[in-house]
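A.B. asks: Submitted below is the structure of interest, expressed as structure tokens.
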Amino acid sequence: MTISKTSSGSRARTFLTRLEGPQTMGRGPAFWIAVTVAAAAAAAYPLIADAWTVGNAAYFLIWTFMAMGLSVIWGYAGVLSFGQTAFFGLAGYAYGVITLNLGAAYGLTILALVLAVVIGGLFALVIGYFMFYGRIQGVFIGIVTLSVTLVLETFMAQTAGPQWRIGEARLNGFNGMSGMPPLTLPWFGGDIVLYPGPSLYYLLLGLVVVSYLGLRIMLNSRFGNVLVAIRENPHRVAMLGYDVRLYQTLAFAIGGAFAALSGALYTAWGQYITPSSMGLTSAALPIVWVAVGGRRDITATLIGTIIVLAGFQMLTIYGSQYALIVMGGLLLVTVLVAPQGLVVGAMTLLGRIFRRGKS
Amino acid sequence: MTEILKVHGLRKAFGGVVVANGIDFSLSAGAMHCLIGPNGAGKSSFFRLLLGEHTPDAGTITFDGSDITGLRSFQRIRRGISVKFQVPGIFKALSVRQNLEVAFQEHRHGQSLSATVREMLDFTDLRGEDKTPAGILSHGQQQWLEIAMAVGVEPKLLLLDEPTAGMSPDETRKTGEMLHDLNSRGITILAVEHDMAFVEQIARRVTVLHFGSIFAEGTIAEIIDHPGVQEIYLGAADD
Ligand SMILES: Nc1ncnc2c1ncn2[C@@H]1O[C@H](COP(=O)(O)OP(=O)(O)OP(=O)(O)O)[C@@H](O)[C@H]1O
Ligand SMILES: [Mg+2]
């Protein structure tokens, strides 16, 4: 008994030590204090901002899951997917179809959220299986994944007719689905409906924190070690006895599941989903966020995505085409000036100054 | 002694280039064997065939009693083959420590993993460099790192493609000692080597490959005195 207790205790400890490691920037007390302060500030934000602004901030948080998933696939495993929106859109539609059929009582919207993520993740698993076991590599992965999302967009856009329905849910073609219930938590005094505002914001913030820490642990684990090794030299990894295709497929499925989480949350947030969420522009944006922040680091990706999204929204006031051009310019500047990402560049610089200050 | 590796009728051609022309070869367990031959003889290609990187046009490969001809590379490795390539195959952006961890983590866990990593850091003289990105090590150090990655898993069969290329005479001797040590622990070794002094230091028997075929096989003395072998090497030098 004692032995198993110690070993499970030590296992939990190894687990936690993986919060820090070679695959993730940031370590030591100073870093974790900064993380705690950032989380506390984010938690305090609804106290000083009005409900609309908080709902808007919730919108930013929604996209971070897709970005972190892309960081895993692209930044860590070295596979550029241009079609994360396929899993985003599929899960968004799945959430709509399930909740329009089942309703919002008894916490069924939460079940719908989980199912939507599972559906999106399984779809990514299947696509990943055919790509990696079919020996598709390099730039062709980008072409295949982009094709998948564009095919889905085109398909959904032609579902306007009344025959395109799943139970109660009309797919509604180009105009998209709407009217699905928001996330609804069953509670003793009556259901809590999570409209965009503080309650939804807190749920999302909690999910971001859990996802971020969970991914840090995963990326510093044996699995993460193998992923970055595959990025560096897949041939060598196979020659160490690893089934490279299996690791790539799993990483792709994980990234897809995170995109699906974003999609289902997005649909629950705005109570609508349209085919254009899987279109070319939508597909390109996550690549910009992740590249600008720093695809090879999960923290940089998270920070970069929120900053770029906030900037994008501020620019949209002047016109969304204009904002897209700026996004393109930003990507160009990143590639030329700090190919590892602007946030990574800044964090490296900060770390250097901090260390110099100490010595 | 039992045979750990048995190759029968192995053939592979790339268009008109025949890299393996019906090779029959066997290696007894515990052997320390060298493969030599002029540039382009097909030595590296032979390794790639053994490792499943090339699919043979004909022939079979039996390892440790079972036919592995149809297995994928990673499955062959898992059966106990390990390799150091001619061109260092390390993870340049990862630290030295990470390189070692990725190499060993499937075989060793926890304490045993960190002990092996430490042992290999000592062995390669890279103790102070464990956090250094492997890509900025010197060529010799990269060679050592890859050798460590290959031997740390204690394979049944170790394939080394020109392990001492780019090493100083001192390092070459050290490599030879290390291979003897590994061999005495029961690891079968097959090495491709150009440096005849090194071949003499490590090998009991030598196989000469020429144009994808086995040209000669024997003890070191027999091979050195073999007039045909001298000729193919001189012929190659004439080019
Ligand atoms: N994938 C390939 N496609 C076409 N030709 C190849 C391929 N791989 C090797 N060759 C050719 O096969 C021949 C044998 O090459 P290999 O690398 O096996 O020789 P080697 O004995 O290892 O030579 P070296 O001593 O220079 O390392 C060479 O002529 C090479 O150009
Ligand atoms: Mg060679």
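The backbone N, Cα and C atoms fix where each Cβ goes, glycine too.
Just lifted these from TrEMBL, have a look:
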TRANSMEM  A:30-48  transmembrane segment
TRANSMEM  A:60-79  transmembrane segment
TRANSMEM  A:86-104  transmembrane segment
TRANSMEM  A:110-132  transmembrane segment
TRANSMEM  A:139-157  transmembrane segment
TRANSMEM  A:200-219  transmembrane segment
TRANSMEM  A:246-266  transmembrane segment
TRANSMEM  A:272-292  transmembrane segment
TRANSMEM  A:299-318  transmembrane segment
TRANSMEM  A:324-350  transmembrane segment
A.B. asks: Do any residues, 6 or more residues outside the transmembrane segment (A:139-157), come within under 8 Å Cβ-to-Cβ of it, and if so which ones?
C.D. replies: 79-86, 89-90, 93, 127, 131, 171, 173-174, 176, 275-276, 278-280, 283
A.B. asks: Between the transmembrane segment (A:272-292) and the transmembrane segment (A:86-104), are there at least three Cβ pairs closer than 8 Å, leaving out pairs fewer than 6 positions apart?
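C.D. replies: Touching, yes - the transmembrane segment (A:272-292) and the transmembrane segment (A:86-104) meet the threshold of 3 or more Cβ pairs under 8 Å.
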A.B. asks: Under 8 Å, at least 3 Cβ pairs, sequence separation 6 or more: does that hold for the transmembrane segment (A:246-266) versus the transmembrane segment (A:299-318)?
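C.D. replies: They do not touch: fewer than three Cβ pairs between the two stretches lie under 8 Å.
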A.B. asks: Does the transmembrane segment (A:60-79) make contact with the transmembrane segment (A:324-350) through 3 or more Cβ pairs under 8 Å, each pair 6 or more apart in sequence?
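C.D. replies: Answer no, regions not in contact.
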A.B. asks: Grab the same-chain neighbours of the transmembrane segment (A:299-318) for me: Cβ-Cβ under 8 Å, and only residues 6 or more beyond its ends, written as numbers and ranges.
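C.D. replies: Here the qualifying positions are 24-26, 56, 60-61, 63-64, 67-68, 70-71, 75, 208, 212, 288-290, 292-293, 326-327, 330, 341-344, 347.
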A.B. asks: Which sequence positions outside the transmembrane segment (A:30-48), separated from its termini by at least 6 residues, show Cβ-Cβ distances below 8 Å to it?
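C.D. replies: Non-local partners: 54, 57, 198, 201-202, 205, 209, 354.
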A.B. asks: Could you give the residue numbers and ranges of same-chain residues that sit at least 6 residues beyond the transmembrane segment (A:86-104) on either side and whose C-beta is under 8 angstroms from one of its C-beta atoms?
C.D. replies: 66, 111-113, 115-117, 119-121, 123-124, 127, 145, 148-149, 152-153, 156, 166-169, 171, 177, 179-182, 184, 191, 193, 256-257, 259-264, 266-268, 273, 275, 277-278, 282
